[in-house]
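Following: one structure in structure tokens, then a few remarks.
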């Protein structure tokens, strides 16, 4: 499971979250979160198969409070909303997704919201984590953080794309990846990805968390969650990662 039911506190009054679209005849809907105190660099947040849930709006607001502009493209906009908030409906919608078009939508969102050559961040979860690693291979100015990404690609696509394992050796920018030891994703695949990233041009770090499974970041907003410690530690590292690489203005 990912973050379809994770709790989310109310958005602070000084944080604006608005619905926008990219220009053109086939616009991509996206949410834009920013602070009324002003924002600087851009972080593109890529969700899991449940799409833009309240939990991701909350993460966007938290990053906006740190001074980032945050955009969340809706890569499922061609498929439509899930019939209900459950896992089966999300998986059914996943099976209708053309991953090639999803990547194109992410690229168009980046082109519309990020200045040419500007260093920008991408934060991806599950399916979105796999997409984040793929776009990182195409953008040397991308700073990438992921949670529970699938090294061989998230299963079930109507039209798949090549997996991160086949693209990671071309990643120039810094990468930070988080997984829980109890995640159902094959650990050998993650080890393969770590080896490839270690030989890639950009710096990389793989973080493992004990007693944490898939979607362990839910502990960030749920005090009694079994992975609360892992969630808070990983989030602090993610925030510091973006502050370090986005603040200096260079992904290298």
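For all residues, glycine too, the Cβ spot is worked out from N, Cα and C.
The structure displayed is predicted, hence computed values, not measured ones.
According to Swiss-Prot, the active site annotation covers 126 (among others), on the basis of similarity to another entry. In the three-state DSSP assignment, the secondary structure recorded for residue 126 (active site) is coil.
DSSP assigns residue 183 (active site) to coil in the three-state reduction, outside any helix or strand. Counting every protein chain shown, the number of other Cβ atoms lying within 10 Å of the Cβ of residue 183 (active site) is 19. Residues or ranges marked as active site in Swiss-Prot: 183 (among others).
What Swiss-Prot records for 214 (among others) is active site, and it gives similarity to another entry as the kind of evidence. According to DSSP, residue 214 (active site) sits in a coil region rather than a helix or strand. With a 10 A radius on its CB, residue 214 (active site) counts 19 other CB atoms from all the protein chains.
Residues or ranges marked as region 'Disordered' by Swiss-Prot: 1-28.
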Query: Can you tell me how the residues of the region 'Disordered' (1-28) break down into helix, strand and coil by DSSP?
result: 0 helix, 7 strand, 21 coil
- line: Between the C-alpha atoms of residue 183 (active site) and residue 214 (active site), the distance in angstrom, to the nearest integer, is 5
- request: Can you check which residues sit near residue 126 (active site), meaning Cβ under 8 Å from its Cβ, same chain, 6 or more apart in sequence, and list them in order?
  value: 2, 47, 48, 49, 147, 148, 149, 150, 154, 214, 215
